[in-house]
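> Taken from TrEMBL, the feature transmembrane segment covers 179-201, 245-270, 282-304, 316-340, 346-368, 403-425, 437-463, 475-494, 506-525.
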Amino acid sequence: MNTVGPYHNRQETYKYFSLPFCVGSKKSISHYHETLGEALQGVELEFSGLDIKFKDDVMPATYCEIDLDKEKRDAFVYAIRNHYWYQMYIDDLPIWGIVGEADENGEDYYLWTYKKLEIGFNGNRIVDVNLTSEGKVKLVPNTKIQMSYSVKWKKSDVKFEDRFDKYLDPSFFQHRIHWFSIFNSFMMVIFLVGLVSMILMRTLRKDYARYSKEEEMDDMDRDLGDEYGWKQVHGDVFRPSSHPLIFSSLIGSGCQIFAVSLIVIIVAMIEDLYTERGSMLSTAIFVYAATSPVNGYFGGSLYARQGGRRWIKQMFIGAFLIPAMVCGTAFFINFIAIYYHASRAIPFGTMVAVCCICFFVILPLNLVGTILGRNLSGQPNFPCRVNAVPRPIPEKKWFMEPAVIVCLGGILPFGSIFIEMYFIFTSFWAYKIYYVYGFMMLVLVILCIVTVCVTIVCTYFLLNAEDYRWQWTSFLSAASTAIYVYMYSFYYYFFKTKMYGLFQTSFYFGYMAVFSTALGIMCVSRTVHGDNSVREAVSGVQVDNLGVCRPGQVLAVPHCMFCT
């Protein structure tokens, strides 16, 4: 037996024997070792005591008896009133059943006491299990209720590797609305890439044509000329961002999350991870720990290029930024789960294991990546000299302000993924098994392309307004996608779920905040080479011995459109 919990929230679960069920006569079973992913997901396997042997039918038989006093009756009544279901496993195949039901008036409550099991086998393998709940008995205090079961074995043509197909819902995930949303997002990508290419090609060609004309002037005429646009900020565009330590740590974490997402999706496409309990979470934890050098490399190299000196502090922040966010949220929810005696309460041993992974695996690998990043790509190679004194930022129209650009930047990326968000939310918060990871990979590619295009346009508009604060603006314009995802989670909670209470609410919004934040940080990883984009753009102009940019070749400019 696994857990029991309310039907309207599959994430709120309790131990099966937290309800006063009785145990069968069989006392021993081979020991089962839970994985780290199962422990974090609240899997609580307990032996039911049912004596089931392979290919041995069992006629209806009583296996235990419940001495129903008032306290036990109240526990069952509460479970029935809240539509509690229970989950059990036979040979790792999940089975669900309802605890009981109430009459139409809601005055009398009935408990299902008879479990009718039909188990299909193919050769020497179990390939199918069905549970039918029968034997409805009215709950009356100070009575005895007999629990019974029967087992019937039957041959099945289902192959062992296909035995989980019955739990999938192709009509839901491969519905034409799903295909239409993917096609719609793909067409939006084509339109957006074409629009960005056309705008930048036309606008930059005009800028270079004007600058080439100025090259023919003498120095006096050039100095008196009315220059404007992105060329004016060539001496400040490579100025280090404000708070470079936090900026580089977030960029490194975003690169790691992107690498984890990409690898886990590929593994899920190759292997059916949904067939093993907790395998998806265990795989994600392993991949996250293994990709820690990615975090250190990109974060450390970016921090070194921006002139950072406290690289050890940056390494610690980059290594523990995401784990601290996830563990902090999990531990907060853990206190609520302990108060409610929920199976979602993380055992102390599991907490110690997670902390050991952070200190003895993630931190050393992050140190290796940081050292490599600082040595291999930590030297600044800017084509223009950075001015000693920051240039004043002129006034501009309201829609060119960084705050407005940030708010508008996340709309298109969110629009390209919000349909897929519905399927992902339904899989996690409802009773669906997500298995269409090919769709998820396609949506991830679409999200990357849209985010790249949006951040390029936002950066260009900002620089053209002679505002050189492009790093955080590009960063936040991509990260604002997370705000729209979190706003969508409010809609999903109130209109698509029937959750209620402190535990369900805190669990939902706590982990949705973690998911949205991780998604936003992953999106900003697309700006990791943002300085390379600007470098490619500025490299189209030559630098004289005074550090002043001069017009150069136009052919170097188009490369910036395809950099991230």
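Quick reminder: no glycine exception, Cβ is built from N, Cα and C everywhere.
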> At a C-beta cut-off of under 8 Å, are there same-chain residues at least 6 beyond the transmembrane segment (282-304) that contact it? List them, or none.
35-38, 244-245, 247-249, 251-253, 255-256, 259-260, 263-264, 267-268, 273, 311, 314-315, 318-319, 322, 357, 361-363, 365-374, 376-379, 525, 528, 531
> Please work out whether the transmembrane segment (179-201) lies in contact with the transmembrane segment (403-425), by counting C-beta pairs under 8 angstroms that are 6 or more apart in sequence and asking whether there are at least 3.
yes
> Are there 3 or more C-beta pairs under 8 Å linking the transmembrane segment (245-270) with the transmembrane segment (506-525), counting only pairs at least 6 apart in sequence?
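These two stretches do touch.
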